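Chemist: Mind looking over this structure? Questions follow.
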Amino acid sequence: MSSWKKAAKTNQKVHRERAQPSARQHLGLLEKKKDYKLRARDRNQKEATLKLLRKRALNKNPDEFYHHMINSKIQEGEHHELEKGDEFTKDQIKLMQTQDYKYVAMKRTVEANKIRRLQGQLHMTDVVNETPNKHIFFVEDEQEATEFNLAERLDTHPDLVGRRSNRPRLKDLSKLKLAVGPEDIARINQERDLSYRELMRRIDREKELTVVQKTLEIKRALKQKRALKPKLVAKGTPHQAPQFKFKFERKR
């Protein structure tokens, strides 16, 4: 019986949806039911939102305070979040305002090369000597331990025992012919101290330039058009550039 019904439908008239009349062709396509459903659903959602906002406005307590009142402002009828400034030093702010990214990167490279050159000249021997030595010497009995002489065991001068580097033996010291007086030694120590101070200043300068360079890189990345706005994780400080969390965007 069902097959007979299907066969009878083959000869029936096909009912097509009405098209736009020729006199109204300039108005575009005729709206179909599916278009009306989308338009009606969008209108109903907007009316529901307005109704909810009116209800919240009526129930709002005028004496209530929340921090978003002072952390946002209205410009041309639109809400905008107030951007809190980063904390940088005056020199860093001046560099970011007056110089560009390439200049900062060049200056940081110059400072890094000078630091590497100074470290190669100084060798950080004072820092090495301040580190406690854990070398262990073994003796046969307690008497040998009480009579143990570290300078004789290391075959060096007693004033050089505390050194971990540049500790020559007595036979090497006897071959040296030095014509250096107390004044020369004081001058050498003064020059060494000045070199260490210069090294510390350049290390601090290189760190500041690194923060400025990273900040400029982040600002350049923020200027690019993105579908998703990055989220601020940490504000900028004199020792750290601002940190943003960028959402993954698939590149075509």
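Each residue, glycine too, has its Cβ placed from N, Cα and C.
According to TrEMBL, the region 'Disordered' annotation covers 1-26, 231-252. According to TrEMBL, the compositional bias 'Basic residues' annotation covers 1-16.
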Chemist: When secondary structure is assigned with DSSP, how many helix, strand and coil residues does the compositional bias 'Basic residues' (1-16) contain?
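Modeler: Going through the compositional bias 'Basic residues' (1-16) residue by residue, I get 10 helix, 0 strand, 6 coil.
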Chemist: Could you give me the DSSP helix, strand and coil counts for the region 'Disordered' (231-252)?
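Modeler: Tallied per class, the region 'Disordered' (231-252) gives 0 helix, 9 strand, 13 coil.
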